[in-house]
Every structure is written in C-alpha cells, then in structure tokens.
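Working notes, beginning with the structure itself.
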Amino acid sequence: MTSHLFQTYGRRTIEFVKGTGTKVIDNKGKEYLDFTSGIGVCNLGHCHPTVLKGVQEQLDDIWHISNLFTNSLQEEVASLLTENRALDYVFFCNSGAEANEAALKLARKHTGKSLVVTCQQSFHGRTFGTMSATGQDKVKEGFGPLLPSFLHIPFNDIKALEEVMNEEVAAVMVEVVQGEGGVIPVDLSFLKEIETLCNKFGSLFIIDEVQTGIGRTGTLFAYEQVGIEPDIVTVAKALGNGIPVGAMIGGKELGTSFTAGSHGSTFGGNYIAMAAAKEVLQVSKKPSFLKEVQEKGEYVLEKLQEELQHVECIQNIRGKGLMIGIECKHEVASFIEQLENEGLLVLQAGPNVIRLLPPLIVTNEELEQAVYIIKKVVCTKNVSII
C-alpha cells in the first residue's frame with residue numbers, strides 16, 4: 001500500500017490494536033510485554049482505569065476553550081506540580097520540546113542574556129531552539145544554520161563546566177539521566193556544581209525531566225533525590241499518560257518575566273489534557289506508589305546484573321528507578337528485533353544500548369519474565385551481530 005506519510009520514523013512493520021496495563025496486542029492477535037511505554041509516556045500502563053474515567057467524564061462536558069478564559073483544571077494541575085517544592089508557576093503546552101522552548105525563552109527574557117550551556121549527547125527536542133540545545137549531531141544534520149549562543153560540554157565534566165561559565169551565561173540545561181544518549185545518570189557532584197555556578201553568575205538552572213519525570217526514577221521528579229533546587233523544570237511524556245501535555249515549571253522570582261502575550265499555546269492546558277494530567281498526578285504522587293517504583297527498579301537492576309554479568313557481549317548495566325540501559329559491545333538492532341519476536345518490546349538508545357522503560361505498574365513477575373527473555377536472546381549464538 002502506498003503511504004502518504006513523510007518517512008520520518010524507522011517504523012517496524014508491526015501494528016498494535018489493543019493495550020491494557022503492561023500488555024499490547026497486535027493486529028494478528030499476538031500479545032507483547034511492553035517495556036517501551038510509548039517511549040516513557042504510558043507510565044501508568046495502557047488505558048489506566050483512573051485516567052480513562054477522568055478523561056471520559058471530561059469528554060461529556062467541554063473539550064477545549066481559549067486560554068483567554070479561566071480554566072480551574074489548569075490551576076488544580078499546577079498546584080499538584082508545585083506542591084511541596086520551591087517552584088511556583090506553571091506554563092502548560094503539548095510536548096517536551098515545547099516545554100523546553102518555553103524554558104529557553106524564559107531564561108533569556110528573565111536574565112537578559114543569550115548564552116545557554118547544555119551537554120554533549122543530550123536530547124531536548126526537535127524544534128530549532130531545542131535542536132540547537134541538543135548535543136547530538138544526528139538530530140541536526142541538514143537543518144543548519146542552527147541558533148547561535150549554545151555551548152555543549154561533556155556530560156558530567158565539572159572542569160569543562162567551570163571553563164565555560166561566566167556572567168554571559170543565561171542558563172545551564174541538563175538531564176538527570178540522558179535517555180536518548182544511552183541511559184547515563186548524572187553525577188551528583190556535577191549537578192551540585194551547576195547549581196553553585198549558576199548562583200554565582202546569575203544564570204538559571206534548567207532541569208529537563210521530560211523522560212525522567214512523573215515517577216520514572218522513584219520520585220515525582222528525579223532531581224528531588226539529589227538535594228538541589230533548579231530554577232526551571234520541564235516535563236511532558238508521562239504527564240498525560242498518552243494524552244499530549246507538557247509543562248514548564250518555574251520559581252517564584254520568574255513569575256513577572258512571562259507577561260500577557262510574551263508566550264502562549266493554542267492547545268496547551270486544554271480540558272482533556274488537564275483531566276488526564278490531574279488523574280496521573282494523583283496516582284503518581286502517592287508515596288506508596290513511588291516507593292514501589294524504587295523497589296522494583298532496584299529489583300530488576302539486581303536481577304539483570306545477576307543474570308547477565310558473565311555474558312560476553314554485555315559491557316555495562318545501569319539505570320535509575322525503572323529507566324535502565326543495557327550497554328553491549330556491539331550494535332543492538334538485531335537484539336531489539338529478536339526480543340520483539342519473543343514478545344518483549346524494548347527501545348534502543350544509541351547504537352549499542354538496549355533501553356528499558358516499563359510501565360511503573362509492572363509486577364516483579366513481569367520483570368522476571370523480561371529478564372528471562374533478554375538473557376535468552378543475548379545468549380543465543382544465532383543472533384546476528386552487525
């Protein structure tokens with residue numbers, strides 16, 4: 001069949017028609033264990049009953065109205081996002097790229113400066129601003145010239161950070177775990193030094209939690225585990241559990257820098273998105289839920305290390321919460337395909353890392369099942385190495 005779609009994705013031929021919890025079913029009736037969560041989107045699993053109920057009820061009332069009018073649902077969700085943290089204001093949008101664009105605009109407007117420091121191998125989006133911020137050449141090929149005033153330093157390199165920081169820097173933007181860059185957690189000392197230098201030079205500290213946010217690492221936001229206070233946090237992906245919604249969250253001192261007309265979004269924060277986000281947050285903020293995520297993350301990481309430690313092709317296993325990377329000594333495309341054949345959906349992060357992003361509602365039994373399948377595949381001599 002002739003496709004009328006731009007070929008912007010390296011799509012697999014499989015098509016899914018049903019999803020419930022951690023499982024999805026293709027159009028031939030085969031069931032899969034989904035350890036992609038739609039690339040970290042469906043943290044509560046597919047068709048979560050609480051989120052489904054909230055969205056269905058909202059569909060009967062009102063779907064969308066202009067942001068020129070009051071929306072109390074936005075206020076409710078904003079309160080849930082800022083509760084018990086040193087962040088006071090929220091701007092709602094539709095995606096992680098939009099949230100990061102808003103953060104970059106706010107940083108420049110608030111500080112009056114233009115230079116932004118980010119990290120090599122980072123990923124912040126595909127708009128011109130966020131693409132310029134991203135530290136991966138493959139994302140930028142063919143789209144130049146990009147926006148000036150972005151510096152990219154090696155991830156976790158304090159010396160490189162110290163060399164570029166000065167009074168001209170508007171902001172430093174960093175991920176707590178580089179997801180697209182290979183599932184590489186940030187060093188605590190690196191984050192602390194960013195905070196110190198931003199305070200010293202009057203720069204804003206932006207943390208991109210688009211993939212790590214909403215409980216993925218065992219706290220609502222990953223940065224909460226390391227005792228720092230960023231000026232801006234961005235979030236999207238899991239905030240709507242499949243309904244497009246993003247948010248840029250800023251400190252109180254930034255509140256006067258975005259005024260009427262200085263930024264906006266037609267669809268951002270509409271009623272359907274807010275209905276989903278409200279239910280997602282009410283589930284994801286529960287201490288018992290987050291504790292289980294931490295425990296399951298520790299459990300599966302330990303199981304993977306135990307089962308794969310002597311496998312020749314495995315170089316490293318790392319992660320934070322239920323965000324895990326299995327680094328191999330060669331490219332993993334053939335592994336990804338074979339895992340799919342065995343009924344396990346996983347992701348690739350760079351050429352040689354298998355990325356696991358299971359729904360946070362996953363059971364220990366399902367984690368064990370995934371570990372078994374992964375071990376079976378990586379130990380199979382018939383898997384081609386490319």
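Placed from the backbone N, Cα and C atoms, the Cβ positions cover glycine too.
Some features that Swiss-Prot has for this protein:
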- Gly96, Ala97, Phe123, Asp208, Glu209, Val210, Gln211, Thr266: pyridoxal 5'-phosphate binding site (BINDING)
- Arg126, Ser265: N(2)-acetyl-L-ornithine binding site (BINDING)
- Lys237: N6-(pyridoxal phosphate)lysine (MOD_RES)
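Everything Swiss-Prot records as a feature, shown here on the structure.
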residue: Gly96; record: pyridoxal 5'-phosphate binding site; contacts (Cβ under 8 Å, 6+ apart): His124, Gly125, Asp208, Val210, Gln211, Thr234, Val235, Ala236, Lys237, Gly246
residue: Ala97; record: pyridoxal 5'-phosphate binding site; contacts (Cβ under 8 Å, 6+ apart): His124, Gly125, Arg126, Thr127, Thr130
residue: Glu209; record: pyridoxal 5'-phosphate binding site; contacts (Cβ under 8 Å, 6+ apart): Glu175, Val176, Phe221, Ala222, Tyr223, Val233, Thr234, Val235
residue: Ser265; record: N(2)-acetyl-L-ornithine binding site; contacts (Cβ under 8 Å, 6+ apart): Asn67, Phe91, Phe92, Cys93, Asn94, Glu98
residue: Thr266; record: pyridoxal 5'-phosphate binding site; contacts (Cβ under 8 Å, 6+ apart): Ser66, Asn67
DSSP-derived class (H/G/I helix, E/B strand, else coil) of Gln211 (pyridoxal 5'-phosphate binding site): coil
For the recorded positions Arg126, Lys237, the one whose C-beta sees the most other C-beta atoms within 10 angstroms: Lys237
Neighbouring C-beta atoms (10 Å sphere around the C-beta of Gln211 (pyridoxal 5'-phosphate binding site)): 28
Largest tally of Cβ atoms lying within 10 Å of a Cβ, found at which of the binding-site residues Phe123, Asp208, Val210: Asp208
Ser265 (N(2)-acetyl-L-ornithine binding site) - helix vs strand vs coil (DSSP): coil
